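Everything below concerns the one structure shown next.
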Amino acid sequence: MGQIITFFQEVPHIIEEVMNIVLITLSLLAILKGVYNVMTCGLIGLISFLLLCGKSCSLIYKDTYNFSSIELDLSHLNMTLPMSCSRNNSHHYVFFNGSGLEMTFTNDSLLNHKFCNLSDAHKKNLYDHALMGIVTTFHLSIPNFNQYEAMACDFNGGNISIQYNLSHNDRTDAMNHCGTVANGVLDAFYRFHWGRNITYIAQLPNGDGTGRWTFCYATSYKYLVIQNISWADHCQMSRPTPIGFASILSQRIRSIYISRRLMSTFTWSLSDSSGTENPGGYCLTRWMLFAADLKCFGNTAIAKCNLNHDEEFCDMLRLIDFNKQALKTFKSEVNHGLQLITKAINALINDQLIMKNHLRDLMGIPYCNYSKFWYLNDTRTGRVSLPKCWMISNGTYLNETHFSDEIEQEADNMITEMLRKEYQERQGKTPLGLVDLFIFSTSFYSITVFLHLIKIPTHRHIVGQGCPKPHRLNSRAICSCGAYKQPGLPTKWKR
């Protein structure tokens, strides 16, 4: 008690010293940040979730963000785009304005001859040109097609019947026939996202001196048969989705997407210079609902700290150390990635491509199904979390992000303010009680950082589906509001 009274008696003299002001400031910041970490580490969220799961859910998130939804009617796309679906691993369907094609993997041959008189069928106008356009696009996507005896076709009576011979049963066959038309058919089928019964084996150099590679595939079926059919409910258990050609096939863009995670309104975490979470990093990453800021500071602080300051002060200062060169590399990598994504999205839109899986990835937000998407609407500012590629600006479909120098300027200002020469001269005038307060606050802050690092889960997800917020699922994977009403689905905990 005497030390506390003495400490408060010396307060007027304490605040006269710059170093003491710094310690007081850092202590208050550490305490406030520690309290904030306790509030946001997930522990309170986990407790509230366990108390409310399965009982209530709200469309208001963080008091200001409203959950809204946009529903896309994909049925009208069938007027301009062919739709596709799969009944099982061997039967796939494409339909266009009431008529369709059936693509079947089978071991039974339909055509016994080995020729395809496409020119004669074209002169006699024997087939549906819209459906034949789909077949032609698929055929032209087959790499290195130079073995016409490997396919057969028949257009008698206006019926489309095309058969591709396949011969890849195991790994050895796939390697031996890697450059044949059969492998090309499997390659094209695989890139159409219909390859659940096709196995990727290996890749071999082309041997033409171009440095390109040929991908080898295997399947247990002997033939691929394409026939026109009258459309019926062939895919009752599968939602038909648009299929695309051209750029998505030639560029083989299959995994480029924009990813945004829904995080707390203001969540700070330790990371490395690229923004990746790293307990040993010297960067503070502030995550918001719509963006993430990287707050890092220069190596000069650490150099001067190691030369003239004690260990406690340095440990705190190292938390805000940053290498500017690493930030420049990070910015260039992000800009390169954005340019690549811009190219992919523009190619998709220019070719009238809206593929189900890619659309889901591009949204990067909670969703209920493939046609209804949820997004956040800020009731104060009007900002929404819909992807920028949906907003047309300057004739493009994706706004390019240009980084400013605010991070570097803020780093320099912080270093200049914290590392003044007067600190070295007046460091010895710091009272012991203030040092104890500083040590306590930094220890409290370190403990709360550990709570963040263990990543306490806060809610349940259904395995294989998106974030169910604001719905709170119970152990049976259901919510009382009726949005999730299929019990027994596997769940997992998420932060």
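Even glycines carry a Cβ here, placed using N, Cα and C.
Here the candidates are Asn97, Asn394, and Swiss-Prot annotates Asn394 as N-linked glycosylation site. Screening Asn197, Asn228 against Swiss-Prot annotations picks out Asn228 (annotated as N-linked glycosylation site). When the candidates Cys116, Cys216 are compared with Swiss-Prot, only one is recorded as disulfide-bonded to Cys153, and it is Cys116.
Here the candidates are Asn107, Asn159, and Swiss-Prot annotates Asn107 as N-linked glycosylation site. All chains included, 19 other C-beta atoms sit within 10 angstroms of the C-beta of Asn165 (N-linked glycosylation site). Compute the center of the Cβ atoms of His459, His461, Cys467, which mark the site for Zn(2+) 2; besides them, the chain residues with Cβ within 8 Å of that center are Arg460, Gly466, Pro468, Lys469, Leu473, Lys494. Nearest neighbour of Cys467 (Zn(2+) 2 binding site) by Cα distance, taken over the disulfide-bonded residues Cys85, Cys116, Cys216: Cys85.
Checking each of the binding-site residues His459, His461, Cys479 against Cys216 (disulfide bond) by C-alpha distance, the shortest gap belongs to His461. If you check the recorded positions Cys85, Asn88, Asn107, Cys116, Cys178, Asn228 against His471 (Zn(2+) 1 binding site), none has a Cα inside 10 Å of its Cα. Just so you know, the Cβ of His461 (Zn(2+) 2 binding site) picks up 18 other Cβ atoms within 10 Å once every protein chain is counted.
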